[in-house]
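Colleague: Feature annotation from TrEMBL assigns compositional bias 'Low complexity' to 175-194. TrEMBL lists 175-205 with the feature region 'Disordered'. Here TrEMBL flags 195-205 as compositional bias 'Polar residues'. TrEMBL lists 208-233 with the feature transmembrane segment. Sequence annotations record features per position, and here TrEMBL assigns domain 'SH3' to 240-294.
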Amino acid sequence: NKYASAGINNIPKIFDAWNSYVSKSKLVLGIDFGGIVEVVTSRNITADTNNQNLQVVNPNPNIQLPSFDERIQDLCGNSTNFSWSWKNFSKTLLPCYTSTSKDPQWKYGFDDNAKQPYAYQQQQQPNSPTQFYYVSYEDFQSLKSKIDYVQSNALGIAIFDITKDTVDAKLMNFITGNPNQNNPNNPQGPNIPTSNPKTTSQPSSSNVGAIVGGVIGSLIFVSVIVAAGYILYRRYRPGKVVTTVVAMFDYVGKEENDLSFKAGDVIEVLERGDGPNDWWVGRLHGVVGEFPGK
């Protein structure tokens with residue numbers, strides 16, 4: 001996916017796929033307040049963007065890109081991504097609602113299908129297969145299309161990292177419907193008001209509810225799973241008689257849930273491992289933890 005956040009044309013497909021396993025009431029739409037700077041090859045970057053035909057080039061990890069904040073190495077070591085936050089990105093490229101920007105080398109584009117803005121900078125000569133620096137991002141037009149979808153489907157929104165927003169929180173203000181700002185329109189997409197039109201003088205309760213509800217709902221869901229796992233993990237095995245063992249050596253735990261003890265300590269055994277070298281679960285001085293069974 002060439003977008004930091006999925007385009008509106010793909011979001012319904014993503015939710016439908018996840019809905020096969022998880023109820024939509026538990027799903028939230030993730031939005032990133034930043035972009036990934038990529039190197040792409042294209043003969044016609046506008047057409048290739050709209051048709052999703054951009055060819056991404058895996059750059060040398062040491063490549064000197066014109067702008068980015070953070071170098072993100074793939075865990076498998078196969079590729080490197082370059083993140084560019086909205087707060088820094090906007091200093092260079094805004095206003096990106098015309099064909100130019102503060103930096104004349106960057107040009108602005110808008111994907112009509114995905115309702116997603118992007119910026120690009122040519123590396124080579126025109127009129128030939130060429131490479132571009134390319135970054136897509138969220139703006140008020142793309143956010144509006146996603147907010148409309150979330151509201152109409154009673155979903156939630158989760159922001160990956162709000163510190164990527166500007167100091168005056170332009171993107172968050174738009175999502176929550178704060179009208180006290182002057183946000184320009186996108187000339188290449190349908191004009192939108194300077195604030196989320198779902199609101200009047202106060203932040204939209206439905207927008208705020210979508211964000212808060214989505215985030216809290218996700219946290220509750222994860223918390224329930226973790227709590228259930230913890231309870232199941234700590235349960236005594238059926239038919240096991242609680243016994244004690246005497247420590248034959250000193251042991252200092254290396255992990256947070258390890259049980260430390262000294263030679264001669266009497267440990268109450270809560271759960272035995274299957275083999276002689278497995279870890280057991282025990283209680284000592286009111287503390288429950290894992291300890292080596294041998």
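Note that Cβ sites are derived from N, Cα and C of the backbone, with glycine treated the same way.
Please treat TrEMBL annotations as automatic predictions, because they have not gone through curation.
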Colleague: Reported in the order helix, strand, coil, what are the DSSP residue counts of the domain 'SH3' (240-294)?
Modeller: 0 helix, 25 strand, 30 coil
Colleague: Please work out the mean pLDDT for the residues of the domain 'SH3' (240-294).
Modeller: 80
